[in-house]
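Asker: Quick one: the structure is below, questions incoming.
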Amino acid sequence: MATQTRTTQGAPPPGGVSFSLSDPTFRSIVYQILVVGAVIAVGWFLIHNTLDNLARRSIATGYDFLGREASFGIGESLIDYSPRDTYGRAFLVGVLNTLKVSVIGIILATIIGTVVGVARLSSNWLIAKLASTYVEIIRNIPPLLQLFFWYALVSDSMPPVRQALNPLPGVFLSQRGLRVPVPAPDPVWTTMGIALVVGIAAAWGVSRWARARQARTGQPFPAGWAGLGLIIGLPILTWLAGGAPLAMDVPKLAGFNFTGGAAISPEFFAILTGLTVYTAAFIAEVVRSGIKAVNWGQTEAARALGLPGGPTLRLVILPQALRVIVPPLTSQYLNLMKNSSLALAIGYPDLVSIANTTLNQTGQAIEGVTMIMGTYLVISLSISIFMNWYNKRIALVER
Amino acid sequence: MTDNVRSVGLPDERPPSNTVGPLAWLRNNLFNTWYNAVLTVLVLALLATAIPPLFNWLVVKAHGFGADSTACRQGAGGACWGFIGEKLRFILFGTFPWEEQWRPLATIAVFIALLVASCDRRLWKPWFGLVWAAGLAVVAILMWGGVFGLTYVENTLWGGLPLTIILSVIGLAVAFPAAILLALGRRSNMPAVKVLCVTYIELIRGVPLISLLFMASVMLPLFLPNGVSIDKLLRAQIAFIMFAAAYMAEAIRGGLQAIPKGQYEAADGLGLTYWQKMRKIILPQALAISIPPLVNTFISFFKDTSLVIIIGLYDLLGTAKAALSDPSWRGFYREAYLFIGVIYWIFCFSMSKYSQKLERDLNRGHRR
């Protein structure tokens, strides 16, 4: 019996491998050897040529250049950087800038996309039409064109620094971007940050305890409100305990530029606005299809069970809609992150732009391109892994 | 008995006034709840403040297509269509020789005719591939020239809309067969083939297109034997093909996964070989399912051709940007970007509408 099954599957007859092309197993092995051999041959050919060319142009391979002095300035950076730092540090600045614009962009695009997606389903004709006009216009225009537009809007149409617009006290809008006042440095801000983290952890603990208690005794506990109180209340208490500092660091015009306050550069504004507006249009479609995918009968059934509006949405509609929304949402997040590489075209110092400068200065083309690709692969894979984990958590548990 | 039955019907009554007519429509669609009423008023106020200035800028205060830049700069507050009038041919055709610009125009016409004809499903026959091949040959003759008395034009002079269309259409045409092989390889039973295909697809999909364009522009010359060089346009085209193949392979894989297992088993049961099975049974069904996602891939691909500006090619966006760098016309970016934005939008929007229609038509058979 066993022999019979194996023969029908095309496995070798007992007693050895048949070296005939009509044996599917043998054939498949031959094909695979041929394919792998061809790939290796092509790869060897390319590597051979590359080494040959590099030797001819006397370019050294390897990542030693990362330790050399970069000697180019970077417009904005999250960490201390000066042209005397190394290429490696410059690249790190680029990676952090990419992450900064991606994370803020993802958060903003999710909020705007959700609002627009819900608005497209609104019973208000005007709102629905407005939302779909936005989606249809934005989705069908190349993101790079939109970036150029936003960038030109700030750098060409805003007044020069001396005639900066002053829409709110302390807020200045000029060709050099936006300047806003920020709270002056004070040790209490660090403590407040710690309090916020503690508050979030405590809220999570309370919600776990409340769920366990409700499962055990049936007694509900307003865990949502308690958690919100902890998350907001703890930092406020720390702030009060720290003497409630109110001093602000207000930007002032000094010479040809502003000093003080926080700056948003035109490049950052353009890339963030462009990515957010573009991706939000796609997220709106994802959200809309997710909500529409939940059958109206689900809402009716929840009402029939006596669930009020809030819990209906939270316990019945959203868990089902999220299941449809999360996979395409993940690919939108990945797209946003990858599109942040368009920053190169408007001069925002993201990782591609810095790697580009590096490879132009050093001639290390292969290393530069592999570093760009490697970094993006790592970020992509991390987002995918996180979203897959989240998707698994909310996925339908079937019998 | 008959006296109790009315022999004449009552006159038709009009439907209640709160369910039909413009007033009822307003009430049901704009003012059905108090918050919708508030939103409607807010949106109307927003539109009332935004639309008149926009209209003024576009039409009322605008300078016509004949205006020159000094006139535009004096009478500020309106669009300067003189910029488009002056730069129209440069934006559309790039640096193609001025007297020969009917050739790129004809190229655009050929491509649009081919694309429009391809929308008709009755033409989806093998012979239509020959029509496409003939069309592409005509395009090659028109763009390069050198035969039939046409002067030879180097491809470094190509630019504008023809370049955008050529990059996307040729990229798609070459990437399509590669994508089919990749998709089949990804679902293959041979582990080595499967690993290679998965690695390729995920590697390409995990990195931005810019990095591939970089690779094509700075690494490709290193890959080739000494003395062999390929021009910039071909390098960009290779990057696009590699990129498109990975994304299209995923679209086709979706179609392959949707084919029920019974189809494979039935084909095996008939004793068909692997390629017969794929060609005659699986792919015809899988490709039909994957056409709408393929059209969507094509749309994003069409938009992505604008990235060639980064490696120094002048597609539609590149020529618009170059036109803006003319010192006498600096600052008219709104007009330039609006103009090419509309061109991109018309292409992408019509393709997305077509893809939606196709999806409805193709689903018809499955709906009961």
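Cβ from N, Cα, C; glycine included.
The domain 'ABC transmembrane type-1' annotation in TrEMBL covers A:95-387. Summarising the annotation, TrEMBL assigns transmembrane segment to A:29-47, A:101-121, A:188-206, A:227-248, A:268-287, A:371-390.
Set these features in their place in the structure for me.
Answerer: If you look at the transmembrane segment (A:29-47), the same-chain residues 6 or more away from its ends with a CB under 8 A from one of its CBs are 21.
Counting same-chain residues at least six beyond the ends of the transmembrane segment (A:101-121), those with a Cβ under 8 angstroms from any Cβ of the stretch are 127-128, 130-132, 134-135, 268, 271-272, 275-277, 279-288, 291-292, 329, 332-333, 336-337, 340, 343, 348, 350, 379.
A Cβ distance under 8 Å defines the sequence-distant neighbours of the transmembrane segment (A:188-206), meaning residues of its chain 6+ beyond its ends; these are 223, 226-228, 230-235, 237-239, 242-243, 245.
Long-range contacts of the transmembrane segment (A:371-390) within the same chain: residues 91, 95, 98-99, 102, 326-327, 329-330, 333-334, 337-338, 341, 351-352, 355, each at least 6 residues beyond the stretch ends and with a Cβ under 8 Å from a Cβ of the stretch.
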Asker: Please report, as numbers and ranges, the same-chain residues at least 6 past the borders of the transmembrane segment (A:268-287) whose CB is under 8 Å from any CB of it.
Answerer: 76, 101, 104-106, 108-110, 112-114, 116-120, 131, 134-135, 138-139, 143, 146-147, 149-151, 153-154, 177-178, 325, 328-329, 332, 335-336, 339-340, 342-343, 346, 348, 350
